[in-house]
Amino acid sequence: MKYVNHESVVKRMMNRLTINKIFKAIFFFATLFALLALAILFYRIITQGIGYLTPEFFQNFGSRFPAKAGIKAALIGSIWLMFVVAPVSIILGVGTAIYLEEYAKKNRLTDFIRMNISNLAGVPSVVFGLLGLTIFVRALSLGNSVLAAGFTMSLLILPVIIVASQEAIRAVPNDVREASYGMGATKWQTVVKIVLPSAIPGILTGAILALSRAVGETAPLIVIGIPVIIQFLPTGLLSQFTALPMQIYDWAKRPQHDFQFVAAAGILVLMIFLLIMNSIAIFIRNKFSKRY
Amino acid sequence: MVQSLENGSNTRNDTSSIVYNTQQLNLWYGNHHALKDINLQIKENEVTAIIGPSGCGKSTYIKTLNRMVELVPTVKTSGKILYRDRNIFDNDYGVEELRTKVGMVFQKPNPFPKSIYDNIAYGPRIHGIKNKKILDQIVEKSLRGAAIWDEVKDRLHTNAYSLSGGQQQRICIARCLAIEPDVILMDEPTSALDPISTLKVEELIQELKQDYSIIIVTHNMQQAARISDKTAFFLNGEVVEFDNTDVIFSTPEDKRTEDYISGRFG
């Protein structure tokens with residue numbers, strides 16, 4: 001007695017192949033839909049904004065008149081913001097990840113902490129804005145400065161950096177750690193010479209993605225009261241400033257029709273900013289990967 | 001041949017040539033009692049093989065000798081292991097110090113994802129040797145010591161991962177020699193290798209015996225018989241028998257040893 005009836009298998013074959021084709025088509029259209037939406041968005045922003053991307057656009061401060069409006073304060077402000085957010089969040093984030101993965105004893109407390117860091121990554125950004133407003137702006141009297149906004153944004157992206165770094169560190173095989181310990185290396189030597197070099201591409205990818213998020217976030221900036229129209233550049237860490245997404249948000253909600261084009265130009269600048277950051281990340285990543 | 005040491009209980013033996021003196025060692029993984037009342041004396045410039053079926057505690061024991069077993073968080077130990085007359089569990093005995101004297105070769109070749117040169121120089125570097133000339137000499141000496149110099153001397157700066165499994169394992173042995181240890185622990189060093197590579201590693205162990213004391217865990221009884229001077233048979237976390245290898249393999253005292261060696265179980 002045979003259990004597989006080859007005649008009926010052949011009969012059903014057409015049917016199975018058709019179902020296969022249908023699902024292939026569904027997945028293809030899902031991809032196409034996302035790509036198409038993105039392409040339309042790009043097309044509209046570029047056609048609307050390109051006309052405003054003049055040298056003056058980068059040299060002027062904000063203005064009530066669309067033709068005179070510029071992005072200088074916001075662009076420089078965002079760069080200042082990154083100079084605070086990048087070191088603070090990467091040092092704290094990678095440090096935390098190293099501690100949790102390499103040093104901390106594996107017990108319920110560390111499991112609890114780990115789980116909650118992942119949960120923190122899902123907290124809405126406006127909540128972090130409120131936290132920043134309470135702690136940095138008010139309690140520490142930093143005002144709506146570069147430093148206060150930078151710390152707030154760092155808190156916002158810390159969980160993402162920690163989780164990404166933890167995963168990158170965990171992906172380093174245990175046997176090379178053992179080899180290092182087996183030769184009398186300390187934990188620190190093992191972390192610096194063995195674990196981090198292998199983990200750095202992963203850590204950097206996570207860090208840059210997180211920083212990109214910080215560049216684009218608007219809600220926390222609104223909550224901590226970052227002004228929009230500013231006629232000067234930041235002079236120091238405690239100086240007032242504005243940032244790209246704030247500026248774009250402001251332009252986009254203005255009644256004059258021409259400001260929509262200015263906003264599109266602002267979005268283009270923001271996208272180029274992100275592209276540059278990602279290229280730097282890829283560059284650093286390749287440089288590190290080549291060593292091994 | 002040296003006289004047989006029955007379970008190491010005879011403390012009147014000449015202690016100067018004893019590298020490791022294990023006394024009443026017990027070890028638990030959480031609630032699992034993995035090593036029970038181990039007493040073993042291991043002599044210098046000998047190859048001591050540890051055999052036994054899977055899960056008998058032989059790997060655990062060898063990893064206890066350089067305290068690598070403590071990487072498992074739930075491990076508890078009692079008893080003493082005297083390495084050169086000093087208890088390795090003493091609070092003031094740092095594991096880093098112990099592990100510079102006791103090198104380890106692992107079951108799976110585990111070179112670092114670095115060049116061959118950097119793999120060998122890793123140990124000396126972490127112990128503070130920076131001089132390029134000295135490092136060069138250490139690298140050559142270690143690679144020669146591991147009988148792989150001729151195969152890799154022209155490509156010292158290529159990645160160690162580009163080598164075959166057998167070559168990688170000899171790189172790991174060379175890496176271990178680079179810190180000039182006193183004892184080399186080998187945890188089934190040939191189990192991931194093909195027969196030819198295995199033969200090379202076995203020949204190497206015979207040569208290394210002149211300068212080092214070697215403790216090797218092996219699943220392969222023929223290997224134990226071929227390369228070791230002493231053999232300890234572990235079963236369920238206990239040392240069933242410890243004697244000269246030729247005695248263990250010809251006239252074992254314990255019925256269980258005889259059964260294991262003749263392939264009746266395990």
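Even glycines carry a Cβ here, placed using N, Cα and C.
What TrEMBL says about this protein:
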type: TRANSMEM; residues: A:21-46; note: transmembrane segment
type: TRANSMEM; residues: A:73-100; note: transmembrane segment
type: DOMAIN; residues: A:75-280; note: domain 'ABC transmembrane type-1'
type: TRANSMEM; residues: A:120-140; note: transmembrane segment
type: TRANSMEM; residues: A:190-212; note: transmembrane segment
type: TRANSMEM; residues: A:218-238; note: transmembrane segment
type: TRANSMEM; residues: A:259-284; note: transmembrane segment
Close approaches to the transmembrane segment (A:259-284) from elsewhere in its chain (Cβ under 8 angstroms; 6 or more beyond its ends): 44-46, 48-53, 57, 66, 69, 71, 74-75, 78, 82, 204-205, 207-208, 211-212, 215-216, 244-245, 247-248, 251-252
Long-range Cβ neighbours of the transmembrane segment (A:73-100) (under 8 Å; 6 or more residues past either end): 58, 61-62, 110, 113-114, 117, 146-147, 149-151, 153-154, 157-158, 161-162, 165-166, 168-169, 191, 195-196, 203, 207, 210-211, 214-215, 230-234, 237, 241-244, 246-248, 266, 269, 273, 277
Contacting positions for the transmembrane segment (A:120-140) when only residues 6+ beyond its ends and CB under 8 Å are counted: 147-149, 151-152, 155-156, 158-160, 163, 217, 219-225
